[in-house]
Amino acid sequence: MATTTRQRTGWSIANVVVAIYALIPVLWLLSLSLKDPSTFTDGHFIPRKWTFDNYVSIFQVGGFLRPLVNSIGIGLISTLVAIVFGTFAAYAIARLQFPGKRLMLGASLLIAMFPQVSLVTPMFQIERQIGLFNTWPGLILPYITFALPLTIYTLSAFLREIPWELEKAAKMDGATPFQAFRQVIVPLAMPGVITTAILAFIMCWNDFVFAISLTSSNRARTAPAAISFFTGASQFEDPVGSIMAAAVVITIPIIIFVLIFQRRIVSGLTSGAVKG
Amino acid sequence: MTDDGETRQPRDETRAEADIPAPAAGPVAAATGAATATVPNGARRAALSEGRRSERRLGWLLCLPAAVIMVVVTIYPIVYAILLSLQRADLRFPNDNKWVGLTNYVTVLTNSFWWHAFAITMIVTVISVAVELVLGMALAMVMHRTLLGRGVVRTLALIPYGIVTVVAAYGWRYAWTPGYGYLANVLSDNSAPLTQQAPAVGIIILAEIWKTTPFMALLLLAGLAIVPDDLQRAASMDGASTWQRFTQVTLPLMKPAILVALLFRTLDAVRIYDNIYVLTNGAQGTSSLSILTYHNLIGGLNLGIGSTMSILMFITVAIIAFIFIKGFGTAAPGSDNAGRR
């Protein structure tokens, strides 16, 4: 009994340490974003004068809505395309025998490891020549490319775990192959597909290198890149409040995602990356 | 590649069949065995290859869209980058384009900026990955073993992973900026760590560690889940201490997971860009290879030099990946068919 109590205390302390580790920097962002500009430089962790002006101003003056819409749109389209094509490939890799399978996996791995900056130089030039520079497709294409290896690896790990004999059983019970697939396999595969979609979306949402080098205005610039271009009211003013408010705004969706899908993200990351 | 696939296929197929548990597998395997015995060899091969050929076609067809996108978006630009790297291509002097052979490579490789950025990148990579491995292992243990509130702990630990790197980096930047930050005030009066090289690199490493330790921990958690509890209990009955159990039982079994985590994180750290861009933008000699390459391209509009750096960075990453995969053999994902069913 004594050991269990001690163990329980020990783990509880560990939990608190983890909580502090994860939350302090996030609370700091929140605190700065809520500070009145006159109290920015007081260095206090908890704001002395609260205000929502920073949030109002990024949308009214800063034009943050457009980058936010860009981020959501580009992220969703890239995720969707990557998931559809990635699922095809993952199904083939998990279920079918064909030469070139290892080549496909190897190429995906290679691309996952690619230094994005290495692609920036040629893509900058190619996109300017074919008119994709500073457009949605100009960002969607590289995002799909980097999301594909992730979806292929994670999903093929998921698909391997599905008991495929069920499909055979359904067919024996008189289902057509499509019915068997649609009613047995799809529901089983869905959680994996959703997890993978979340991971892919987080990746696109997080990107910065492509977002700042392949865009030149708010036409296609995504939220993280737009934040880095915020300017203060005057040349000498640091736009702390705006940056922090925007930072909190683009953090909220991710925190909601994490809260809802925590279990799935954990299993998705762990099964995909290690067993793959 | 084709040959390789051909020779491996039969073995894979037998394994696939053997792996199916359940009653279905028995008769099927037996039937195949019987067919082998009775049907003449040639006829059987023809019959099999018909089914196999359509399976092959379907496999290729399904992989095609993904493969096309990946090739068009990466292979084509890389070839283009190689061509650019052999030219004098400076957007400020568009009429001066010409082939210069390996001159750009000589220019970059004899330049101290390149080697300085190389050193900074390696320092950041080695220190952050080493610290992350230790911290990540501790975090994975907490996530794995904690009794109360496991979901809460896992959710909290995932938050840094979800936060946009640029956002996190701004948080750290203002935390260390004198006047604004709670950390700058803690240190000493009005010191500005981000304006000095060594402290700035330290903060870059700190920001990197904070952001990616949870990712490392998740990969390690998967490894921990593989270690059977029975083995731990048996070792503990044999009188092994907690530390002995960790080093003698847990660690060896986790080796594949550790290697994958190290590989992923190392390659990711070598590409470091966002953190440095926000924290110092490469000032005070804190440029990483990515920052330097980017500055030459977008800032300097020098496509030739920028491409040369891109290619050299690609080679650096490839060498690191090669060392990992050679050194660790089958541990690399995709290097074998382990776990296939």
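The backbone N, Cα and C atoms fix where each Cβ goes, and this holds for glycine too.
Curation plays no part in TrEMBL annotations; they are all automatic predictions.
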Of B:152-172, B:257-277, the range TrEMBL labels transmembrane segment
B:152-172
For the transmembrane segment (B:58-83), the candidate among B:113-140, B:152-172, B:200-227, B:301-325 having the most Cβ pairs under 8 Å is B:301-325
Quick one: find which recorded stretch in B:113-140, B:200-227, B:301-325 has the most Cβ pairs under 8 Å with the transmembrane segment (B:152-172).
B:200-227
Long-range CB partners for the transmembrane segment (B:113-140) (under 8 A, at least six residues beyond its ends), listed in sequence order, are 157, 201, 204-205, 208-209, 212-221, 223-224, 258, 261-262, 265-266, 269-270, 272, 285-292, 309, 312, 316
